[in-house]
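One structure is given below, encoded as structure tokens.
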């Protein structure tokens, strides 16, 4: 019974192709392409290496088409349906449809070569851009800011993007920033980007040069029809999913060497202009008028992408890269509203094992996020594949940013108030594999990416085959008894169940490892949070204590000042009363004209002087006690100086002595 790949139904999201890369490792080949009478092979078989002791079965996978090691880039372009994908985006017969192209595979299996090419060959991205620009030709709008289409394109954008022309953007990245760094309202056309490319005086040393990029394979023989009554605009944006966050790749931090600038994560959400579809809000978008400008934008964005060297790949992508080509279209004469369709090209980061990649620290954490997102992607693809058979499982695409970006807009909107028409998205997935590479990682990728899978032959001879082989040469007994067929069927069912359980055990073991890593990370984060809370509590306690001490000191000073002021007022009041009594007595004595003096009595004078000295000493003691209560040394000195004993009036002195004696 042959296993045919299921036809792509209306509910299917992906056409899945397999591309094999020429291997550069001396391992034994474990992947075999099955021969077929059809035009192209569609099935492969993988056999575990003989050194493997896990007793796993031989597995067989089906794809839309299998490209062997000798397949070229142009053959892949024409054989995977990328050309019809671009034709659907252009929408020659009406509204265009979104297209999606992605590569998936183990790190080092040839994904970047397929999607971005090498120094000698162009990838699918460059060829798709070339086809778009040569197909639209003279129907493309002018790309300078003064062109009338710029303002309408900026107003029609639903993603709240920062939109620039290619001339303005490239000049701000590499030029002297004088021609068109920021949008202006001038209607004068700016110089074409080709003049900027040729001008070596204003060009930075690290500016991409389209003339040095590979020009082969050529796609000039591919002609896609366009709507003759429409004008087109091509808008490019780039972003990456790094550590489950979305970052813009056209901010220019890498080009301007802003290594200390912290990147701001973007949101994937619905906006006012797109209530029924989610978009990445706040992207930088570039209007390109030529293929050369688009190449320079692509190279600029690739310099910003996160890469690192590992034990498996010297230039390993640490993020999932998204390259978006928005094709805007409107009526040429009436200049109506712009319709939009997007070709999204995704270079998924490769799954890797820490043991073989020899990663540690931040690179290990990045690999964990990559493997986790690819695991969720596999679950979503498996759910979608099961739904083709009549199941109604909900695809859990909201588990991570990658699956949310890939699957959110693939289903009709539940918002009934908006009736924006969008044709179903057509999607192509190209899986890359090394037939002599890592068997475990490759088999894991193939399990959840293939259109169909079956376990065909166990690694060891089954009990059924052993019995059949034994009965074929064993003479029958006198009674003519043989093994009953029911026992053989039961043994076959048991072997099939063992194979299924072994496959599930592998999946559960992978999940257990990932969940264990997540639990350890959560416990470590919890411990760090507790330490942070203890430190924070100590800081808050110290701050509260310092505030309380400052408040107590301030209140003490306020009360001391009030006490000093009250003491000064009492002393001034007492002095004023004494002065009043002295003045009144002196006035009375002047009126009577009789000043009694004690003459001739030396003993009385000596007695009065002694009493006067005692009163002066008692008064000074009282003043010292009063001044000791004051906290201000300045006021003490002032009081001592003010209360120094003087005898300005002898008559008053005699009067005081007389009063004291009475």
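Every residue gets a Cβ built from N, Cα and C, even glycine.
The shown structure was predicted, so the numbers you read here are calculated from the model rather than taken from an experiment.
Looking up the ranges 570-597, 598-625 in TrEMBL, the one annotated as coiled coil turns out to be 598-625. The average pLDDT the prediction assigns to the coiled coil (598-625) is 81. Taking the binding-site residues 107, 109, 112 in turn and counting surrounding C-beta atoms within 10 angstroms, the largest count is reached at 109.
Ranking the binding-site residues 105, 108, 110 by the number of CB atoms within 10 A of their own CB puts 105 at the top. Residue environment of residue 111 (ATP binding site) contains 25 other Cβ atoms, counted within 10 Å of its Cβ in all protein chains.
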